Amino acid sequence: MELPLNPALRINLGKRAGVTAGLLGVLCVCAEFCFLFPHLLVSNDSRAIYVEHLGLVRGILQAAIVATFALGAVSVLTLRSKAHGGIAMLLALVAMLLGGSEAEPLTQQPRAMSAGLDYFALELFVLGLVFIPMERLWGLHPQRIFREGWQTDLKHFFISHVGVQLISFAVMIPVQVFLAWAVRMDFQAHVAAQPVWLQFFEILVVVDLVSYWVHRAFHQVPWMWKFHAIHHSSQQMDWLASSRSHLLDVLVNRFAGFVPVFLLGFSPSAIYGYLVFVSFHAVYIHANVNHRWPYLRWVFATPEFHHWHHTSDEEGIDKNFAVFLSFIDAIFGTAHLPAHWPSRYGTTKFQPPETYLGQLAYPFQRHEETPYG
Ligand SMILES: [Zn+2]
């Protein structure tokens, strides 16, 4: 049975419904596992928040399962190929069989370490919900959602989110152990006593100044570049491309940002506010959107500003290093914001492989320079 619609419209509707249902179905199954094994799979920091809002969390899961069923059914009814819609409906069924919105924990014992499967599923859901329509509405370059390399980027996204606690520990413990001597409690008390909004801006400035030079070193020191080249290897920019980074690149950047925050002693609410804000902003500046932010682009990093950082066009090489405050590049002479947009993206001398493991191994291997473009 197929719906009586114009064929082009029917196929378009069916594909969109099928893909959305498939993605939503995967997220529903992830959420079920989080409900069943919370002490293993839900990040320790967030568990209490979910328990506090359990009714809401269960309601969202229920709605997502129903939406997966409905969209899967639409896809099955509109397309000749029943694969996408069928798989999505099957995923919704699996989510229901795992307990649906009533699933209860099978584990009771808290552990020192937990995976952040909740963080992965929730971030993918929220970012997809915001950025996929945004890139449809304000698309810069015509490209598909499932463009080349999306699976590799999703693997980077998965590892950096599921391993969030391990990454944080790997960054915070060495700093806390080796720099404890440099902490001045009375000074930190003054810093933390300031209004939260003021601390937020102070963190932005301090972390950005450090990050600017670390980022510049990643570009200009040859062995460091081989790690950072992974992040620059995307030849199409979009919100998911922001997560393509070598793990050591991620660790060094977080470490460099955490040192001044730890030494100055900002309050936890200012730090959390900053983290939420910059992680969202970091995704936004990679998005395939044509937002230019006239005048303000000289104050903070915009998609245009960061797209120029990712270009392989000669004029943009080694420009625009700032994470958030674009005027830092203007101060140090590396800002590049012409009237036009870059035409292509990627690395120029080396081209890392497209597989996740290949990208992890890449900086440790010897490579010949390959001409590009
Ligand atoms: Zn870079």
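Here the Cβ of each residue, glycine as well, is placed from N, Cα and C on the backbone.
What TrEMBL records for 203-334 is domain 'Fatty acid hydroxylase'.
Among the features that TrEMBL reports, transmembrane segment is placed at 21-40 (among others). For the transmembrane segment (21-40), the residues of the chain that approach it from at least six positions outside its boundaries are 47, 50, 61, 64-65, 67-72, 74-75, 84-85, 87-92, 94-95, 98-100, 103-111, 114-115, 117-118, 120-121, 124-125, 128, judged by C-beta separation under 8 angstroms.
Tertiary neighbourhood of the transmembrane segment (60-79): same-chain residues 1-3, 5, 10-11, 13-15, 17-18, 20-22, 24-25, 27-28, 31-32, 35, 85-89, 91-92, 95-96, 100-101, selected by CB-CB distance under 8 Å and a gap of 6+ residues from either end. Under the heading transmembrane segment, TrEMBL lists 60-79 (among others).
According to TrEMBL, the feature transmembrane segment maps to 86-107 (among others).
Here TrEMBL flags 119-138 (among others) as transmembrane segment. Counting same-chain residues at least six beyond the ends of the transmembrane segment (119-138), those with a Cβ under 8 angstroms from any Cβ of the stretch are 23, 27, 30-31, 34, 43, 46, 145, 157-158, 161-162, 164, 238-239, 283-284, 287-291.
Proximity of distant same-chain residues to the transmembrane segment (158-183), defined by a Cβ-Cβ separation under 8 Å and at least 6 residues beyond the stretch ends, is recorded for 43-45, 113-117, 119-120, 123-124, 243, 245, 247, 250-251, 254-255, 258-259, 262-263, 265, 356. Residues annotated as transmembrane segment in TrEMBL: 158-183 (among others).
According to TrEMBL, the feature transmembrane segment maps to 195-214 (among others).
In terms of DSSP helix, strand and coil, the domain 'Fatty acid hydroxylase' (203-334) has 88 helix, 2 strand, 42 coil.
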